[in-house]
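Peer 1: TrEMBL lists these features:
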- B:197-362: domain 'ABC transmembrane type-1' (DOMAIN)
- B:38-56: transmembrane segment (TRANSMEM)
- B:61-80: transmembrane segment (TRANSMEM)
- B:92-111: transmembrane segment (TRANSMEM)
- B:123-141: transmembrane segment (TRANSMEM)
- B:180-202: transmembrane segment (TRANSMEM)
- B:214-237: transmembrane segment (TRANSMEM)
- B:243-265: transmembrane segment (TRANSMEM)
- B:306-328: transmembrane segment (TRANSMEM)
- B:340-361: transmembrane segment (TRANSMEM)
Amino acid sequence: MASQQAGFDRHMAENNFSVVSARKLGLTFETGDGPVHALSDVDLEVKKGDFVSFIGPSGCGKTTFLRVIADLEGATAGEITVNGMTPENARKSRSYGYVFQAPALYPWRTIEKNIALPLEIMNYTAAERKERIERTLDLVNLAGFGKKYPWQLSGGMQQRASIARALAFDADLLLMDEPFGALDEIVRDHLNEQLLKLWARTQKTICFVTHSIPEAVYLSTKIVVMSPRPGRVTDVIESTLPKERPLEIRETPEFLAIAHRVREGLRAGHSYEE
Amino acid sequence: MTILKRSWQSWLALALALAALATLPFLSAEAPFAYNPMRMFSIFVLTIGATLVSLLPLPSVFVAVTLLVCAHFSTSLLIARLAGNEGMASTAFFLALAANWLLAWRCVSILSALKVRSKTVDGLLRLVIPAIFGAWILILWEAATRGFGIPFIILPPPSAIGVRFASSIPTLWADVQQTVFKAVIFGYLVGCAAGFAVAILADRIAFFRRGLLPIANLMSALPIIGVAPIMVMWFGFDWQSKAAVVIVMTFFPMLVNTIAGLSAAGSMERDLMHSYASDYWQTLTKLRLPAAMPFIFNALKINSTLALIGAIVAEFFGTPIVGMGFRISTEIGRMNVDMVWAEIAVAALVGSVFYGVVALGERATTFWHPSNRGG
């Protein structure tokens, strides 16, 4: 009976468990020029193991939504749970790693000390810190760069180090806010490929904000198309692409069909303005 | 093309040296001690010889060393004979001096243009170039005061100050101990620590931020001249009252800079700490204080000079019979201007060493800051 229950739990965890669940979520900023509706009526489920991309023009609330999940902003309407808890409790139980638009590495710490930062705060032992630094550096292909200072590395390497930092502790959810936005196309392609491998190896749930259609389609199992004023979800596309995705998949008709649907969704969100 | 180099300093130096030769002697006729012919001959051989070397197409290091040695040896021969002949220098003297000065200038510009790979040589150059500059300030000062016969009370020549300095080392050392090792160091440490602690308190507790900061502002506006006598009344004549003045002076720069520094960390870095559910003290020690270090070191540097000024000025308002400020105020009353200058030299020296130590600490601590990285 007990083993059956455990099996059921595992099954739930693998297929059905909602990591992020938002219902009628709204967020209004009160500004000097009156209220700004950053998010309104957002309904969304992110299942365990999903790779969800949020795409839309600037001002559509994609970053704000990610920040609400992370408890960096508070919702003003509706409900949201993260790992079945309020975002605040989820943050306090350290259930996610956040990768920002910029690496935000501390210049006075070496790369390995930067990766150790969350581990120090969360009271991991020295031995465990060492082991995790090594493992995550390896995961992002930065082995051997641990003793360097961030400003001695290229932008792409810095962003990889910041991903390593988010992976170092045991959070199953990875929130990424346009992590490759500032990098050039070639580095970006390379990092996207690596990110997919990393996702397959770590089995994490990833929420990924981007404004690049090919990036969103290439990476995601689910694409959330958003539009601005007020920030809202206009379409949710389940990707039919296989899990194994070489870069060449971007030339296939299937890929192009999904990209087309995303573009249509983005256009629909805009059309009423013109 | 000519084989001679185009260097206006060298050509002008040659012209000046020849003009000096034409307008000899160096001193007016009434001078008690004349230059002997051997000395005059050496001066001209050195100066004109160095000038010619600098005009020939020779390796620049060789030229620089020749200029360095010859011009300065010639200058020392020229100047040493002035003592006892105050106010008697003639045009020839100043022409020869100007020629040597131009040669030193040429020497410095050659040295500055040198591109060296070795770190030791580079470090040596960093010392030699400012040393030549500093030496020429002293040389011109000496020549002007003795050459024109400027009254001792107005400006004593540096050689007299040097002699006074050397003969009063025990007194000067006692003054340094009293003023620097007791008042300045104690006041500086306590003042900076207090400023830092209050900044943290103000950051942590809104009540302090709202209530205390305006008052601290007021404190910074207190005139030191007014505060010093009060502190003497409160804490007595000894070093404690001077330390109190130093505390009052150093507290505010540290407070303001630390508060500014604590808000220097970027919002993304703070969000990162927030996402780790890091508590106040973890965020403070791991993010905000390291980010504040450039500001804190600014305060430490400002305070290193303020503390010395504060302690010296405070001693004008009553001290036991030792201390740098006490010495300055009493010796000026006794017209011992050379002693006052010796004390000023000590203060400058101590201040520079103090500042240098703090700056070294800054380099070691904020090596990561964009302004220190490349260097």
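Every residue gets a Cβ built from N, Cα and C, even glycine.
From a predicted model like this one, the values you see are computed outputs, not experimental measurements.
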Peer 1: In terms of Cβ proximity under 8 Å, which residues at least six beyond the ends of the transmembrane segment (B:38-56) contact it?
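Peer 2: Residues packing against the transmembrane segment (B:38-56) from afar: 3-5, 7, 10-11, 13-14, 17-18, 20-21, 24-26, 62-63, 66-67, 70-71, 73-74, 77-78, 81, 96, 99-100, 103, 106.
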Peer 1: Give me the stretch from B:92-111, B:123-141, B:180-202, B:214-237, B:340-361 with the greatest number of Cβ pairs under 8 Å to the transmembrane segment (B:243-265).
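Peer 2: Ranking B:92-111, B:123-141, B:180-202, B:214-237, B:340-361 by Cβ pairs under 8 Å to the transmembrane segment (B:243-265) puts B:180-202 first.
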Peer 1: If I count Cβ-Cβ pairs under 8 A between the transmembrane segment (B:123-141) and each of B:92-111, B:306-328, B:340-361, which range comes out on top?
Peer 2: B:92-111
Peer 1: Let me spell it out: take the transmembrane segment (B:61-80), skip the flanking residues so only those 6+ beyond its ends count, and list any with a Cβ under 8 Å from a Cβ in it.
Peer 2: 26, 39, 42-43, 46-47, 49-50, 53-54, 93, 96-97, 100, 103-104, 106-107, 110-111, 114, 128, 132, 135, 139, 142-143, 146
